[in-house]
Amino acid sequence: MIRRGSVILSRAGTKFPRTGFTNCGRMAQVSLPEFPVWGLVPKKETGASALLERFPDFDGRGVVIAVFDTGVDPGAPGLQVTSDGKPKVIDRIDCSGSGDVDTSTVVEKGPDGVIVGLSGRKLKIPDSWKCPSGKFHIGLKDISTLYPKSVAERVMKERKTKVWDSAHKLAVANAVKEFKDFEKSKSSEEVDLEVKFQSDELEARVEVLSAAERTYPPFLIPSADCVVFHDGERWRACVDAEGQGDLEKCKVMGIYRETLEFSSFSDRDVLNYSFNIYDEGNLLEIVAVPGSHGTHVASIASANFADEPEKNGVAPGTQIVSIGIADSRLATMETGTCLIRAMNYVIASRLPGFPGPPIDLINMSYGECTSFTDSGRIAKLMSEVVVKYGVIWVNSAGNEGPSLSTVGVPPDLADDSLIGIGAYVFPEMVIAEYSLREKVPEMPFTWASRGPTNNGARGVSLVAPGAAVTSVPNFTLKNNALMNGSSMASPNACGCFALVLSGLKAKKLPYTPFSVRRSMEVTAKAVDRDCCFAEGHGLIQGIPICIKKTSELIAKFPCKRIMYFEFLELQVDKALDHLLTWSKEPVVNMNFVVNVGTNRMSGIYIRGNYGESATVHERSVEVVPMLLNDEEADTKTKIDFDKRLVLSSSASWLKHSSHLSVSFGAKTFVIRVDPTGLKPGVHFAAVKAYDVSNPGLDWLFEVPVTVVKPEPVTEQDGWMKSYEKVHFEPGVIKRHFFLIPDGATFCVFRMKAPVGEKSARFILHCVHFKNDESYRGMHLNRVISISQDSSEAKFIFQVREKLTLEVTVAKWWASLGSVSADYSIEFGSVKPSISDSTLTIHGSDGVTRVDVRTELSQQEILPSISLKQHVVVLRPTEWKLEPLGVRDTIPGGGRIYAVNLSYNLHVPKSGIEVVPVCSLLGDYLYENEVESQLWMLFDSNKRLVASGDAFPANYKTKLDKGDYVIKLQLMTQNRGFVLKVRHDKKELLEKVAADLIMTVSMKLSSAINLDVYPTWNDAITSGKKFRATTCSKNTSVSAYISPFLPEKPVKLIPVGHMLTGTICYVRDEWMKKACSYPIRFVIAEHPKKNSNAAGKEEAGKGKKKDDEKDEKKTDAFKEAVRELKISWIGKLDDEEARRKLYLEVSSSEGDNGDGDKLDAHVAYLQSLSSKVDLCKEEVEVDPKKLDQIVEGRLDEAGKREAADAVMQALKFADATDAKVIRLIVRHALALGHRARAVKYLWKIRSGDVTGVEGITAQEAELWAAKLCDELGWPHVSRLARVSIPTRFPPTYELF
């Protein structure tokens, strides 16, 4: 029996697993401290626990949260029912399209009750199924693509052990033994071709089995047949995940929203999935969870454990809508398609006629860094969800800190309508979750993103606990797990918002996203551990802080009315009267939009770039009061609105008017910012507006102002700043801001521990950027461990002159104890003359000159150029504009359109790493006016190989040799398109689509180096090359680049393609990365060799033109005769005549040299086995019969001649030549050498050999499978056949 706070050991001799104490034969009681379960899912710190103790029914009941994430597993612990017994997960959708199955093929069952699936397997329809129409929609899905990586690895390993390893190891052992025994038995002097071919056959068996080990195990999970039908009441579907064709064993389920049915593919994977069915059964959506993130997030917000309430989420009464925005094809990356579909769903839920409850809250623990926030279709729609449809959107702020301005999108939007949540850690969390030996003070996590955003907003609005131990999906085979990040802080905050909404709904009080957010912000607790950039307005608070803060406000501004949100939590005497009075105040539900300057920023942000913090600035601030869904809001409310506001700020360096009269419409005032007297560092203040008639409201809106005052680094400093014995505690951050000196191009950071100091862990984060530029453009983020025994940590990185560089040194939050450290920052210069630092050379340009200047200090210059990628330029081979389906319908009317484009790509060599890029659209997702861009790369068999979206550098893929198709989809609404092209301007739309170029960067097998010379004459004469040169301070050297590329690796690259790489200007290896810049070389016309005739003329043979013409005619005649003879080798019936003609042609010399001999050998081999044809009709023929056909035609002499002809052919062509490979296979079959035949058939199957007449890749696979059966390898044959639906899909995968 276990008690809280103590454990009783009641069995003799038992050992308590945690303490290690043993009961030696008598009853013993061990007193243990209570486990801090409240630290697993923190709720005390935000006041959620206190609120629920006072108002247990305000636990999220009546509130619906949409979780935009990887998806929520309805089978995870705590996610079955709410606290009041309602279903917890009420809908599940996958917005990515990765689970889509094309089920537009309709079949009817035969008399035997069987249908044939797209896999080719026979599917028995159970008698228990009801399908009045008798029509079944069928599709095919590779289930392994839905598996998270850990599940795929686990299932593969298990299946490989059971169905592959034992049989394969035995087959390999036998094949190796046979080959070795044969090699030992044969004489070393034997050169007989029959012996050689027998040796090749035995060796081929070993090779084929080795290749099978690499090829087939990834396909141990078969593609599943999918069946969709209507049972007379609703659509239903099932998936034959085991590939057995026994549908009786398959779980039949309806649409999840209607039935709440889900299942797992197997007991091994335990991956729960459900269905959605669209377009009258023509599209099946399999909703799985490609990661555990979303389930963990949902559990923090709303998990409900009736028997273990200490494990509950923040708001156990809420219901969840699982909206998957993670594309499993992109390693769970979000795409524009995902986000648009997700928001369309939320908007639809707020409109009449939706078959479910409206969504009240969105939690999105996703986001990316962004370059600008004043545009983008996705960003605009996010704002509409809040300001027009009234949904409260809570979003993680990011984990890219600790430097400033590292908040991503969302929440960084132009109008600051989303609520950004930062991640905090508390003492109880440290003990319960991380098992540290001692507590640490409450603080932001070191890696938490900080504001302000580029447009001046705070970025981080509030903070919440940023870690939890709670439920994860069943497929992890775990009950719970620890995860941390702002991803965990956001659902904790979202749960707090749900508690508030639950209370408001219970009291039937009006609210808007603006009133709820403002209330949360004005009642938040300012922690002041780090700064306002990490915590925003502070920590979300419940009752205690609200009581204190409201009391302070009443004392400061005596007023009979109190904001209903605060009063709701207080529940003091006469609360209801006050709430009813207060709820009628229009300003409560008002949104005040702040636009600063002509760029309509959300605040004032003076970063200090180009010395801007050394001057006084005046910014015009426009304040626009707006109602929810302002365009359709009540006009009387607008007319009656009239407020007199007081403007207040505590910063002496801010000047502004003290009062502002506001009615409905824009109102403007000016803020004067004078940073000239500020000390170096970052400074923050806010101008806040208060309603003089309702002071209890606190502020109505604010204008945040951030000023960075960089510290100059001068020549007198030696272009260096040093800091000694700087004291650090856990989580302590030291920020330094420097104005990068003129001419500086790199910075060096050094750090070490003073003598006697213990070890510690730090984060170094260095950030600088321009306006409308991502902070990731040039930043350094490193984890540093130092101790007195460690060497100096040293990092170098590129910088750009005149910008403000932030260097942040932070002690890791969990690095216990205090420590001192020494560190320094030093600037250097190696500045090329290229204005944008990217050098472009055209092959026809001649010699290119680059000047390199060292302005700050002496450097050793040694330019070197390395071209590492071949950039292939592709134009679309076809394109199509079409409206999308019901999931892509704009709520309220209208469709989203897709432009689908196709590109052909040839990869000349296996193992090449490729990166497809749609350059026109760039690295933009949220800020792009095109809603979505997604490309998928297919092999020649229509199998999906790779996918990518707006961030191409994330999707590097190694490809085998062969032909590929890239399909690109752009999504746009019908009212606009790329470059503002409207749908009704069809001719312009066609031009854009036809000209939409994709580039594919292919990594070269070895880099191509360009020569660099010290003078122009050396460059044109290939004279002496550039040697290392010492360049003194404030001097420059010139380097000359020759345009001549090595002929051999470049001759196959088409004209107009590019080679890309880097040009480095220094000799020091350690400095090279910081002193390297991009270079592009455009291929010009290739040199042409002289023809034979021209060569003869240049040799001065002196022949007359008439003689030359006669000679050409004679040569043409001889060639024609020769070709005629070759063509007749296969036509002659007389064997002796045919052989004589073959020997004559193969021994003579022609103009084409070896090519003519090869043609003769091929023709003769074809004549020897002309009755054996690897065509489709003969795939089903027993190979033994074919052997008999060949044996019947060839006697022993014929076999020797055939073998000799094969050897002669291989002298002039590779065995993988399309002309030769069919003959090699025929010859192998004639000798009964099945492994050799399989070896070459697999080359056709894999695409290594293309253009083989009469046999496709799939036919080659089937043929090889039959031969594997003959060889006694049924495990290979079986898996080859099972893999065919996956490797040779009937159609391209859907977007």
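Heads up, the Cβ atoms here are built off N, Cα and C, so glycines get one too.
According to TrEMBL, the feature active site, charge relay system maps to Asp69, His293, Ser487. As annotated by TrEMBL, compositional bias 'Basic and acidic residues' applies to 1095-1114. Annotation source TrEMBL lists domain 'Peptidase S8/S53' at 60-538. The domain 'Tripeptidyl-peptidase II first Ig-like' annotation in TrEMBL covers 590-708. According to TrEMBL, the domain 'Tripeptidyl-peptidase II galactose-binding' annotation covers 728-817. Feature annotation from TrEMBL assigns domain 'Tripeptidyl peptidase II second Ig-like' to 855-1048. What TrEMBL records for 1105-1171 is domain 'Tripeptidyl peptidase II C-terminal'. According to TrEMBL, the region 'Disordered' annotation covers 1090-1114.
Here the domain 'Tripeptidyl-peptidase II galactose-binding' (728-817) is broken down by DSSP into helix, strand and coil counts: 0 helix, 45 strand, 45 coil. Counting Cβ pairs under 8 Å to the domain 'Peptidase S8/S53' (60-538), the stretch among 590-708, 728-817, 855-1048 with the most such contacts is 855-1048.
Per DSSP, the secondary structure of the domain 'Tripeptidyl-peptidase II first Ig-like' (590-708) breaks down as 18 helix, 63 strand, 38 coil.
When the Cα atoms are compared, Asp69 (active site, charge relay system) and His293 (active site, charge relay system) turn out to be 7 Å apart. Over the domain 'Tripeptidyl peptidase II C-terminal' (1105-1171) the predicted model carries a mean pLDDT of 63.
A straight line from the CA of His293 (active site, charge relay system) to the CA of Ser487 (active site, charge relay system) spans 8 Å. Its own atom aside, the Cβ of Ser487 (active site, charge relay system) has 27 Cβ atoms within 10 angstroms in the protein chains shown. Within 10 Å of the C-beta of Asp69 (active site, charge relay system) there are 29 other C-beta atoms, taking all protein chains into account.
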